[in-house]
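Quick notes on the structure that follows.
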């Protein structure tokens with residue numbers, strides 16, 4: 001009996017003292033913006049956050065540490081109405097921890113270039129995805145650009161978005177309308193996205209709207225993946241994309257505007273001012289302000305010819 005009690009006490013002691021974060025805890029993150037120490041514990045003093053003591057979510061970040069570009073508090077400030085009662089995402093579906101976890105599957109996302117490039121990429125990513133999921137309006141509390149990440153699924157009465165394909169066959173009864181931060185749509189996007197992230201999205205497309213990490217992964221996959229003749233959004237915002245002669249003739253130049261062209265240029269670009277483009281820019285400027293970085297040049301696409309039909313459905 002004594003041996004049994006001793007073993008039980010030992011188990012309880014070990015479980016109570018188990019590490020909280022980082023490599024010692026399967027990559028878990030600290031809550032409330034705390035730093036993860038090199039030993040796997042959460043805190044906010046020098047023992048946790050200081051140079052040589054911090055392994056993740058460190059002040060100022062480190063190469064490869066997305067937490068140094070966007071903190072939990074910044075995330076909440078940017079998407080401060082995502083849990084409004086009128087939003088599908090209420091209940092913290094779009095959480096900071098889910099975003100950080102998903103981003104870890106895409107080396108280079110938010111970690112490429114100097115701190116200016118990294119901040120611009122995060123601002124641009126959240127601006128474009130906020131436009132796709134916005135629940136805001138002109139006179140909304142805190143302004144129209146505080147309502148990103150409100151919706152999980154395409155609004156209205158969307159169709160099945162099934163294009164006959166041998167490579168990406170539609171599953172019986174499944175619909176491939178817009179879901180998640182980037183509102184990924186069509187079987188020919190769900191198929192390769194699912195293959196890339198290791199999930200069968202052709203048979204289970206609604207995972208993009210029910211699993212937070214998969215939802216973020218779908219958006220980051222689109223962001224990081226070039227689809228010829230389009231470059232990836234990532235390569236554009238980090239300065240890796242160099243316009244070809246064809247691009248230059250079409251006025252497609254590096255900047256936030258060409259990312260809008262990649263996403264929905266067939267509908268929004270090449271015809272002067274467009275309210276949807278301005279909405280994207282409004283989000284981008286706000287997020288750049290929160291992250292403390294200038295937005296750069298060439299923000300709109302009014303004089304750019306489109307790459308072709310957009311791969312996504314515009315939900316606004």
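Backbone N, Cα and C atoms are what each Cβ position is placed from, and that goes for glycine too.
Under the heading signal peptide, Swiss-Prot lists 1-18.
Feature annotation from Swiss-Prot assigns domain 'Chitin-binding type-1' to 19-60; the stated evidence is sequence analysis.
What Swiss-Prot lists as disulfide bond is 21-36 (among others), and the listing cites sequence analysis. There are 29 other CB atoms within 10 A of the CB of residue 36 (disulfide bond), with all protein chains counted.
Using a 10 Å Cβ-Cβ cutoff, residue 42 (disulfide bond) registers 21 neighbours. DSSP assigns residue 42 (disulfide bond) to a strand in the three-state reduction. Among the features that Swiss-Prot reports, disulfide bond is placed at 30-42 (among others), with the record citing sequence analysis.
The disulfide bond feature in Swiss-Prot is assigned to 35-49 (among others). In the three-state DSSP scheme, residue 35 (disulfide bond) is classed as strand.
Look at Swiss-Prot and you will find 54-58 (among others) tagged as disulfide bond. Cβ environment of residue 54 (disulfide bond): 35, 36, 37, 38, 48 lie under 8 Å away, each six or more residues apart in the same chain.
Positions annotated as disulfide bond by Swiss-Prot, on the basis of sequence analysis: 87-150 (among others). Cβ neighbour count for residue 150 (disulfide bond) (all protein chains, 10 Å cutoff from its Cβ): 21. Mapped onto three states, the DSSP output places residue 150 (disulfide bond) in coil.
Within 10 Å of the C-beta of residue 132 (active site, proton donor) we count 26 further C-beta atoms, all protein chains included. The active site, proton donor annotation in Swiss-Prot covers 132, and the record cites similarity to another entry as its basis.
Positions annotated as disulfide bond by Swiss-Prot: 162-170 (among others). On its own chain, residue 162 (disulfide bond) has 170, 174, 175, 176, 186, 187 as residues at least 6 apart in sequence with a Cβ closer than 8 Å to its own Cβ.
All protein chains considered, the CB of residue 269 (disulfide bond) has 29 other CB atoms within 10 Å. Residue 269 (disulfide bond) falls outside any helix or strand according to DSSP and counts as coil. Residues or ranges marked as disulfide bond in Swiss-Prot: 269-301 (among others).
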Q. Given residue 269 (disulfide bond) and residue 132 (active site, proton donor), what distance in Å do their CA atoms have, once rounded to a whole number?
A. 16
Q | disulfide-bonded residues (35, 87), the one with most neighbouring Cβ atoms at 10 Å | A | 35
Q. Do you know which of the disulfide-bonded residues 21, 30, 170, 301 has the most other C-beta atoms within 10 angstroms of its C-beta?
A. 301
Q) Taking every residue in the domain 'Chitin-binding type-1' (19-60), what is their average pLDDT? A) 74
